[in-house]
């Protein structure tokens, strides 16, 4: 891969000129590049905002979603070439662009033997079959390139048994069935999306002896209770009855055969028999029209009120069908899954604008390219924005109008839908370089869920730059509200420092930011426009991962006019320019203090008494948080003082490195040995109920179990020590460089 060579050109030139201050030192004479900015140029920023074109974004989306582009498919590779063509354009291209390929393990349904779900009568004959494909309501849901609904990485098999309803497939749901006296051994469990991850439904089911799992989307969760064809797409934005959510059921992210290693030819590969993280039993998703046939004919006890949905009947638990229903009482459900695993080539595409002053500092902006079917919303709405933003910046670059201070890297990731594979392989291959040099990662996957308001998820240091950007951009629609002012109407919180501000969500593992945050410790954000949650309870846009996620769906229902896409492009563009051109990095580390203080207060209020009973003190944690708060405030004051004068560029460089590297100090690769890739002690998955430091919360939750002994409480103490050490290390990182 050659992107490292490209980014090194500026360094090599500096060395040849005998500038020899430090690697990538930004005190390059202006004669070397008269366009090298010393700080954010507001005129350039205004130009970029004005040139981002909603119509061009719309046409990008039309082309990107014209055909299905499943990862590694011919159309996916066609889009690789489209990106390369755009980024090498002589008038609007970037400094360089290239594709890199990884050989990864993907999962597909058999074309010769499709997956089927049948009801088998008492005599062994098939008396009813679920739909194998989605209804072709617009002419785009059929054809050989539309992959059959399936659960990626679910094993093949043909289990058959009595049907039970297991709500969302959480561990407590299966325990509830056992409490009701239902024998789960050998049954088929019908579950609904939501509550826990896809793969967890199969894992939890298998623990209780279930032989196979079905998963459906309930209209109560996605359609605001609506389910008839005249109320759903193409007549509204709601999911049609035949719609089936596809998805990866792999528990981890990255290529399954090369954990912690890039999937290049020279890498060691795990034997397939030793791969972990796949669903243990056959699993298949179905549409809610088929789920209605099954669920509304179930026998047994009435399901709890919280388990009821919107299929127009009372949900029962089973097992088996009721005697007065549509199927004989002794009928069973057969789930025949014929998925296969294949090694396939999948490509990332990188486009690079080399920094004029600090070419060894990277601002990364990325999105995945692959989709389950047409993928107009997921992910092509993000790729359409990426292409327009890179066009505008590339045009300024080619005209000689602008070159950023720091390098900008645009990325189109491959095989995200199978488990964030492209981005993970990239972070594995360039782990050290990215950790040392990356300023921030900006992710724009689904750029527009709907057109009500901005929604940003991110680590605390990026809050300030997002706020600054959105205060200067007009919100779509009537009126003169800024995106910031509109955002605060929908998502807000009361900050002890700033008062009422928009609320940033935290980053989980739902898109390509995950390896950057959890594995590399890079300050990251995810930007999108979304819906008014007071008007819909949909857990996500209704046609998510179905064949109904098409260009017309976006054009007609989500964002007519594409003004919300344009707003996302402007927000992301402003953030990129602020991060790449500002003399002082606009990352505010003191904003972490609020998060740490809230975590500490939750630990004191909800865990303090319990910990005292086991002679575990929170005193060191209190001290560590206070140290961090003091050092973060002091660093902010030093920066403010320097901004008023004419600081030495090397001094600014050192301060910027402190800002950039803070996130890395929260990494501990041994903190969560059971959680692959999760090293960030503040943002790892939290299974405990207390909203505090995840390792501490999880350990306390396990230790509360009456069966837990001294080892469980020792783990609580270990997790507390891990957090304290991380916070003390973070505070030390923020001190003046000369101070240890």
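Residue positions begin at 1 at the first shown residue.
Any Cβ shown, glycine's included, is placed from N, Cα and C.
Per Swiss-Prot, topological domain 'Cytoplasmic' is recorded for 1-6.
Sequence-distant contacts (6 or more apart, same chain, Cβ under 8 Å) of residue 136 (N-linked glycosylation site) comprise 142. In the three-state DSSP reading, residue 136 (N-linked glycosylation site) counts as coil. Among the features that Swiss-Prot reports, N-linked glycosylation site is placed at 136 (among others).
DSSP assigns residue 425 (Ca(2+) binding site) to a helix. Its Cβ taken as reference, residue 425 (Ca(2+) binding site) is surrounded by 29 other Cβ atoms within 10 Å in the chains shown. Residues or ranges marked as Ca(2+) binding site by Swiss-Prot on the basis of experimental evidence: 258, 261, 425, 428.
Around residue 274 (N-linked glycosylation site), no same-chain residue six or more apart in sequence has its CB under 8 Å from its CB. Feature annotation from Swiss-Prot assigns N-linked glycosylation site to 274 (among others); the stated evidence is sequence analysis.
The disulfide bond annotation in Swiss-Prot covers 296-313 and is backed by experimental evidence. Sequence-distant neighbours of residue 313 (disulfide bond) (same chain, 6+ residues apart, CB-CB distance under 8 A): 292, 295, 296.
Annotation for residue 299 (N-linked glycosylation site): same-chain Cβ neighbours under 8 Å, separated by at least 6 residues, are 316, 318, 319, 320, 321, 322, 323, 325, 329. The N-linked glycosylation site annotation in Swiss-Prot covers 299 (among others).
Taken from Swiss-Prot, the feature N-linked glycosylation site applies to 334 (among others), supported by experimental evidence. Other Cβ atoms within 10 Å of the Cβ of residue 334 (N-linked glycosylation site) number 18 in total over all chains.
Residues annotated as N-linked glycosylation site in Swiss-Prot, with experimental evidence given as evidence: 345 (among others). Look at residue 345 (N-linked glycosylation site): DSSP puts it in a strand. Long-range Cβ contacts of residue 345 (N-linked glycosylation site) within its own chain (separation 6+, distance under 8 Å): 72, 101, 102, 103, 104.
Cβ contacts within 10 Å of residue 445 (Zn(2+) 1 binding site), excluding its own Cβ and spanning all protein chains shown: 22. The annotation Zn(2+) 1 binding site is assigned in Swiss-Prot to 368, 378, 445.
The Zn(2+) 2 binding site feature in Swiss-Prot is assigned to 378, 417, 545; the stated evidence is experimental evidence. According to DSSP, residue 378 (Zn(2+) 1 binding site) is assigned to coil rather than to any helix or strand. In sequence order, 371, 445, 446, 544, 545, 549 are the residues near residue 378 (Zn(2+) 1 binding site), counting only same-chain partners six or more apart with C-beta under 8 A.
Within the same chain, the residues at least 6 positions away from residue 416 (active site, proton donor/acceptor) whose Cβ sits under 8 Å from its Cβ are 71, 368, 369, 370, 379, 422, 423, 445, 511, 512, listed in sequence order. What Swiss-Prot records for 416 is active site, proton donor/acceptor.
Annotated N-linked glycosylation site per Swiss-Prot: 451 (among others), in sequence order. The local packing around residue 451 (N-linked glycosylation site), expressed as other Cβ atoms within 10 Å of its Cβ over all shown chains, amounts to 21.
Taking a C-beta cut-off of under 8 Å and a sequence gap of six or more, residue 492 (N-linked glycosylation site) has these contacts in its own chain: 500, 501, 502, 503. The N-linked glycosylation site annotation in Swiss-Prot covers 492 (among others) and is backed by experimental evidence.
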Can you grab the distance from residue 417 (Zn(2+) 2 binding site) over to residue 334 (N-linked glycosylation site)? Cα atoms, rounded to a whole Å. 27
In Å, rounded, how far does the Cα of residue 451 (N-linked glycosylation site) sit from the Cα of residue 425 (Ca(2+) binding site)? 33
When you average the Cβ positions of 258, 261, 425, 428 for the Ca(2+) site, which other residues in that chain have a Cβ within 8 Å of that mean position? 102, 254, 255, 259, 260, 262, 263, 264, 267, 424, 429
Residue 334 (N-linked glycosylation site) and residue 258 (Ca(2+) binding site), Cα-Cα, nearest whole angstrom: 34
How many whole Å apart are the CA atoms of residue 334 (N-linked glycosylation site) and residue 261 (Ca(2+) binding site)? 39
Per DSSP, to which secondary structure element type does residue 445 (Zn(2+) 1 binding site) belong, with helix, strand and coil as the options? coil
List, in sequence order, the residues of the same chain other than 378, 417, 545 whose Cβ lies within 8 Å of the centroid of the Cβ atoms of the recorded Zn(2+) 2 site. 246, 247, 371, 372, 375, 379, 544, 549
I want to verify one value. Collapsing DSSP to three states, which class is residue 334 (N-linked glycosylation site)? strand
Cβ contacts within 10 Å for residue 545 (Zn(2+) 2 binding site), all chains included, total 24
